[in-house]
Amino acid sequence: MLFRPHQAGAGSGGDDNDDEWKMPAVVVSGSGENQEFEGRITVYVIVCVIIAAFGGLMFGYDIGISGGVTSMDDFLKKFFPAVFEKKHHALENNYCKYDNQFLQLFTSCLYLAALIASFVASKVCSKYGRKLTMQIASIFFIIGVILTAGGINIEMIIFGRIFLGFGVGFANQAVPLFLSEIAPPNLRGALNISFQLFITIGILVSNLINYFTTNVHPHGWRISLGIAGVPALMLCLGSILICETPTSLIERHKVEEGRKVLRKIRGVENVDDEFDSIIHACEMAKQVKDPFRKLMKPVSRPQLVISICLQIFQQFTGINAIMFYAPVLFQTVGFGNDAALLSSVITGLVNVFSTVVSIYVVDRAGRRILLLEACVQMFISQVIIGIILFKELKTTGDNLSKGEAIFVVILVCTFVMGFAWSWGPLGWLIPSEIFPLETRSAGFAFAVSTNMLFTFIIGQAFLSMLCQMQAGIFFFFAAWVIIMGAFTWFLLPETKGVPVDAMVDKVWKQHWFWRSFMIEDDRPDVKVV
């Protein structure tokens, strides 16, 4: 699923040359663990986190809402009459009811727009701060909601989705960064996965809204799209009330204002240790002038390859295809519209609770065991779904029996469960912890871009793939799960409990394959305090 939690304390650093890529100021101790600073969890911090989290809710809502809306007859009749006719044609191919490039473009154009916007947003976030970037994101969201909910032609709703994509690009740049910088240091790690939780809640809410609006004729789809304006408006108004992060203020040379805000969010007067650490980290960030060149050197190959592959694998599990089009998929196997949307609500609940499991387990069991277990779970689920559809769901004629259709929903929930406690959150957590400081921002940019690109590709291609491959599409994704499992087993080392600045010595130089790339380890000898 398409979300981007940021490494603890990371931000877009800065110096006087605005044209250069700016490295983040990350505050870690010399041992690689978060340094203990004075402070407590204040009510103000909780309010700031909740307001910022509306950016995640907005993203999740946009992911989930499109699948339900594109299965509503009123929406199809108005914008996609050809799809509506195919859907209700008695002899139409069951797998091709929704195969329409414009219908897929309605869903997937958001992610292409987010990919483009993220490059602009990184500059805005660095130069003008996290707060303003979130405000711009909320404005894009509001414009997108107006265009989609008030759409009168296909061009208008697609342009609306593009504006929503711009909002996603800006929000994904600023919100996780804001959360990691505003939180007390001992909570930053948990927030990496907690932001994914907010996105899953957004998906669940969108499924609930679709369930209740599907029988509101003829404008139920407008209500579903319009309600997206609520979290957008909350983010817009709330971002006026919250403060800028101390790191961002200090990076932009507003040092005393940064100290004042740090005292406010920590709830204590003595913040000198943390303040000095932020100052030092900002100064240190200025030393790296060309992280992209460093990223292309062999010594950075393990982190870069793993981060990019994780994003590709995350999409080729098939999760976003299922979450985008869950109502459509369930209608394909024989559910009515209401039952299909209710089944999507069930999968949304599974998604939320399984993400909570990941928050609890990831630092206890480790990364590799969760990824490998999930590969087995997802592979079995997809193969069985494929076998059932191959044997029982013919291209024309009757759908699955009620019992078979319910079993498919259970298998989909099993698949979602495995993904939600592994490849979903860990696909972002691992890249956030394996890059050294000097290439972290640039490396993460590659990860984000890769994820958005392949989210767009899967979103644009899935319904056509379902039509052409039929039940074989589940075997296609299952084959990718085998590749993912092999990659994890042989090439992905365990990073649980390893300090960030000790990754090279304790992980990469000890790995049977990646250690051969560590010969040219020419990282600058920078002391982190």
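Any Cβ shown, glycine's included, is placed from N, Cα and C.
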TrEMBL annotation (region 'Disordered') - matching range among 1-21, 253-273:
1-21
Near the transmembrane segment (158-179), which residues from the same chain, at least 6 beyond its ends, have a CB less than 8 A from one of its CBs?
2-6, 10-12, 48-49, 52-53, 55-56, 58-59, 62, 66, 102, 105-107, 109-118, 120-122, 124-125, 130-131, 133-134, 136-141, 143-149, 151, 191-192, 194-195, 225, 228, 232, 235, 245, 448, 452
Do we see three or more Cβ pairs under 8 Å linking the transmembrane segment (369-390) and the transmembrane segment (102-120), pairs being at least 6 apart in sequence?
no
Please work out whether the transmembrane segment (191-209) lies in contact with the transmembrane segment (221-243), by counting C-beta pairs under 8 angstroms that are 6 or more apart in sequence and asking whether there are at least 3.
yes
So which residues does the transmembrane segment (102-120) touch in its own chain, when a touch means Cβ under 8 Å and the partner is 6 or more beyond its ends?
2, 62, 66-67, 70, 79-80, 83, 140, 154, 157-158, 161-170, 172-173, 324-325, 445, 448-449, 452-453, 455-464
